[in-house]
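Participant: Here you go, one structure.
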């Protein structure tokens, strides 16, 4: 029987050199290991990532309390349970914590256990993780959102918006789409070098040059697409998905530059302009009319519901509007957004909610209500590639996992190549069908 015999956690380091939690789960005949990511720009509504707070050790970012919680409370609570009973395991984790935001044991502790149990269950069952979670119909490789220029909280430069990404939609296979992204990445690097701009990279592997404006960043991306020999789509207002091979996705991370006291969006890193919610929505409408943008994540701040409604009403019929800080992978927040008719997509970060079951519930709720789901990494990552498996398991159709550099990002892309190979003729690359706009 696949009974949990031992659960052991340890403190390891993530891609930024900060501590994070890794968990091992043992049964008599299987083993699972999972490492937990962490974010730089975190939503205030996320589940609690438990840190030690001792400034003399890892600048207060140690996770030994979370590790101890796993090695005592969780180990004792889950021993003897069947590792294949994922929903029961996750229910027990929530009971052991007993708080609405997982502040007692830490979402980082619970997530490590939840994912490691899933991996041990998959190994016991003799299946790949995507097949174990998703069943026989799990066959869709995701369209990647590839971060090529970093700004905002992810880079020390003059760009206000956090991520400028490319999405290869004009292809019939994931491997060809990945090649396209890599070639554009290298074309952009050459373009930056030719202009005497920095090719240093940010937390997620994208370039982080000092530019004169946010507009210069997106214009460089469009130029790099052409330099690499590919065709950028038209602006969404002109039927962008109907033509071209590559579209652009943005993550401004607007909560990071929203001044709640002023109720203004303040472009602190570039030209210092201040925009109201209505002006910010109009700004994104203009960009979607001028550039081949198919997706905007967190175009408005996490609690600016009125601003989100304005933005959705303006461009939600033609641009994917992704809620990250807005929804925080939380079914309750998502249900509120659905009721208010704001956004049309959810970003899915497993550590925002803390268990696999809750993650899958959020994805299911989104799909049932016509919202897309984008499976996502965090800026602080590890070599763990579980999100690649989850993307295929849920047939989400989209994944956001960084640029074409840094092995913590490439681990996910390479795992998807292996899954595509394993699926063979069953593999589906959705291309433009990944979107509902």
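Glycine too: its Cβ is placed from the backbone N, Cα and C atoms.
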Participant: Given that Swiss-Prot assigns 297, 324 to the Mg(2+) site, pick the one from 251, 364, 384 that the record assigns to that site as well.
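Facilitator: Candidate listed by Swiss-Prot for the same site: 251.
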Participant: For the (2R)-2-phosphoglycerate site that Swiss-Prot lists with 162, 349, 378, 379, give the additional residue from the candidates 189, 340, 367, 400.
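Facilitator: As annotated by Swiss-Prot, 162, 349, 378, 379 share the (2R)-2-phosphoglycerate site with 400, chosen from 189, 340, 367, 400.
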Participant: Return only the integer: C-alpha distance in Å from residue 297 (Mg(2+) binding site) to residue 204 (active site, proton donor).
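Facilitator: About 16 Å separates the two Cα atoms.
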Participant: Want to know which recorded positions, from 162, 204, 251, 324, 379, are within 10 Å of residue 349 (active site, proton acceptor) at Cα; which are they?
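Facilitator: So the list reads 324.
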Participant: Can you tell which of 162, 379 has the most other C-beta atoms within 10 Å, given these are the binding-site residues?
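Facilitator: Of the binding-site residues 162, 379, the most buried by Cβ count within 10 Å is 162.
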Participant: Of all the recorded positions here, 204, 251, which one's CB has the most other CB atoms within 10 A?
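Facilitator: Its Cβ has the most other Cβ atoms within 10 Å: 204.
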Participant: Checking the spread of the (2R)-2-phosphoglycerate site as listed (162, 349, 378, 379, 400): what is the longest Cα-Cα distance, in whole Å?
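Facilitator: In whole numbers, the farthest two Cα atoms are 17 Å apart.
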